[in-house]
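Asks: Take this structure first; my questions come after.
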Amino acid sequence: MVSIRPDEISSILKQQITDYDQSVSVSNVGTVLQIGDGIARIYGLDQVMAGELLEFEDGTEGIALNLEDDNVGAVLMGEALGVQEGSNVKSTGKIASVPVGEAMQGRVVNPLGQPIDGKGEIPTSDTRLIEEMAPGIIKRRSVHEPMQTGITSIDAMIPVGRGQRELIIGDRQTGKSAIAIDTIINQKGQDVVCVYVAIGQKSASVANIVEVLRERGALDYTVVVSAGASEPAALQYLAPYTGAAIAEHFMYQGKATLVIYDDLTKQAQAYRQMSLLLKRPPGREAYPGDVFYLHSRLLERAAKLSDAMGGGSMTALPIIETQAGDVSAYIPTNVISITDGQIFLSADLFNSGLRPAINVGISVSRVGGAAQTKAIKKIAGTLKLELAQFDELAAFSQFASDLDEATQQQLERGKRLRELLKQPQFSPLNLAEQVAVVYAGVKGLIDEVPVEEVTKFATELREYLKLNKAEFIEEILKEKKLNDGLEATLKEVINEVKSSMLATV
């Protein structure tokens with residue numbers, strides 16, 4: 001028979017009384033009523049707040065969007081293969097946040113900030129809410145510093161400043177992403193942190209872009225946020241806000257940042273899909289009523305901060321895809337009205353061989369003029385007007401048999417200006433090279449050069465300056481002005497290159 005020792009029992013009881021923890025954990029738990037198409041209807045989450053993160057029992061996360069009388073409509077941020085009718089759902093009391101910090105540079109992440117490039121975890125402890133309020137009026141200052149894209153036609157005619165929102169708009173396959181990638185490549189050595197947000201794109205396209213950035217040494221200062229075409233609509237909807245949050249971290253540290261949203265049309269379509277499945281009333285083109293707010297609250301986060309706030313900036317280049325050049329559709333008109341100007345790319349110009357295919361007539365930068373460097377502003381003032389007039393004359397001259405000499409001369413110069421502004425992909429030019437090329441065209445110094453030789457002339461001019469006039473390039477890059485001495489040097493170089501070229505033609 002087992003002997004019972006009272007002292008042992010009392011010591012066990014004492015131990016249990018000492019270790020007794022009477023803390024009670026209260027969690028708000030609900031039950032899945034219905035699930036499908038990335039949407040869950042949940043009963044019982046009485047205390048949940050709009051936009052709150054939810055946790056399903058298989059670990060999938062969701063966001064509560066519709067708070068109704070008898071149920072909550074939530075979107076799922078994953079496959080949710082383990083979630084079924086009757087599954088438990090817990091509210092977390094948190095809003096979606098994303099990891100931020102220096103360690104994010106050079107990495108490819110999903111909209112939740114999780115790495116998807118196979119390089120392991122990101123060593124950062126800082127986080128930031130995905131949805132943040134935009135800086136107020138007092139925290140901002142006007143745009144006054146240039147954000148050089150390296151693309152001559154943009155920097156000369158549609159300049160972009162740090163803290164500006166400049167829309168890139170055009171049909172599919174007209175070179176919208178190419179302009180954005182060139183701008184990222186041109187920030188090398190400028191101490192600008194870039195964030196490229198790919199929304200609803202093919203995984204192969206994103207992999208190709210990452211490889212291009214890596215080859216040109218641009219991935220070191222770039223964060224790529226990707227929500228592929230196969231991802232749930234909720235992740236495609238969140239991706240731009242994640243990109244903005246990552247850039248905001250650097251902006252509030254006083255750094256210049258550049259964010260590319262490629263493209264917001266697909267984000268709007270993902271949001272429309274979610275809204276219709278949540279049974280929200282459809283409006284124009286079946287988009288929900290708050291689709292304007294979807295984009296305005298995102299793009300308002302781009303700003304040039306005041307000196308008291310550290311002087312950082314976030315420049316946003318949203319991309320919008322049009323159908324058959326129709327800029328009067330719902331989403332294009334919304335984003336045009338929110339942004340500080342647009343760069344319009346034309347399929348006709350692209351197919352005619354003009355690349356970048358910028359339609360100068362309807363492209364505009366509303367605030368970038370104040371940020372343009374004096375060197376390029378001095379010589380490019382008439383460039384936009386001349387090209388716009390050339391387009392009109394070119395259309396008119398197709399029907400006119402005999403043209404007067406002045407018109408003929410204007411047409412010839414316009415053709416040469418067009419050729420000068422052609423630029424291959426992934427080859428951004430610095431300020432001095434742009435000044436030299438534009439000066440040669442605007443001042444009529446290459447009117448004698450045959451049109452088909454203009455591109456070759458521009459290349460030779462740039463090479464000559466690099467080899468023989470390095471001090472000219474240094475002076476322009478340092479002073480950002482074209483004084484009389486530099487202008488005389490430039491004219492001399494242009495004439496020299498032109499003479500040697502015409503001698504061989």
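Numbers here mean position along the shown chain, with the first residue as 1.
Yeah, the Cβs are placed from backbone N, Cα and C, and that goes for glycine too.
Residues or ranges marked as ATP binding site in Swiss-Prot: GLY170, ASP171, ARG172, GLN173, THR174, GLY175, LYS176, SER177. The site 'Required for activity' annotation in Swiss-Prot covers SER363 and rests on sequence analysis.
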Asks: Report the residues of the chain - excluding GLY170, ASP171, ARG172, GLN173, THR174, GLY175, LYS176, SER177 - with C-beta within 8 Å of the mean position of the site's C-beta atoms, for the recorded ATP site, in sequence order.
Replies: GLU321, LEU345, ALA347, PHE350
Asks: Cβ-Cβ under 8 Å from SER177 (ATP binding site), same chain, 6 or more residues apart: which ones?
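Replies: Correct list: ILE209, ASP262, ILE319.
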Asks: What's the CA-CA gap between THR174 (ATP binding site) and SER363 (site 'Required for activity') in angstrom, rounded?
Replies: 15
Asks: So which of the recorded positions is most packed in, judged by how many other Cβ atoms lie within 10 Å of its Cβ, out of GLN173, SER363?
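Replies: Counting every other Cβ within 10 Å of each candidate, the maximum falls on SER363.
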Asks: If you count other C-beta atoms within 10 angstroms, which of the binding-site residues GLY170, GLY175 is the most crowded?
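Replies: Going through GLY170, GLY175 one by one, the largest Cβ count within 10 Å is at GLY170.
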Asks: Below 8 Å Cβ to Cβ and six or more residues apart, same chain only. Which residues does that give for ARG172 (ATP binding site)?
Replies: GLU321
Asks: Which whole-number value in Å describes the distance between the Cα atoms of ASP171 (ATP binding site) and SER363 (site 'Required for activity')?
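Replies: About 15 Å separate the Cα atoms of these two residues.
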Asks: Three-state secondary structure of SER177 (ATP binding site) from DSSP?
Replies: helix
Asks: Take the C-alpha atoms of GLY175 (ATP binding site) and SER363 (site 'Required for activity') and report the distance between them in angstrom, rounded.
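Replies: Their Cα atoms are separated by 15 Å.
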Asks: Tell me, how many other CB atoms lie within 10 A of the CB of ASP171 (ATP binding site), whichever protein chain they belong to?
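Replies: Around the Cβ of ASP171 (ATP binding site), 18 other Cβ atoms lie within 10 Å.
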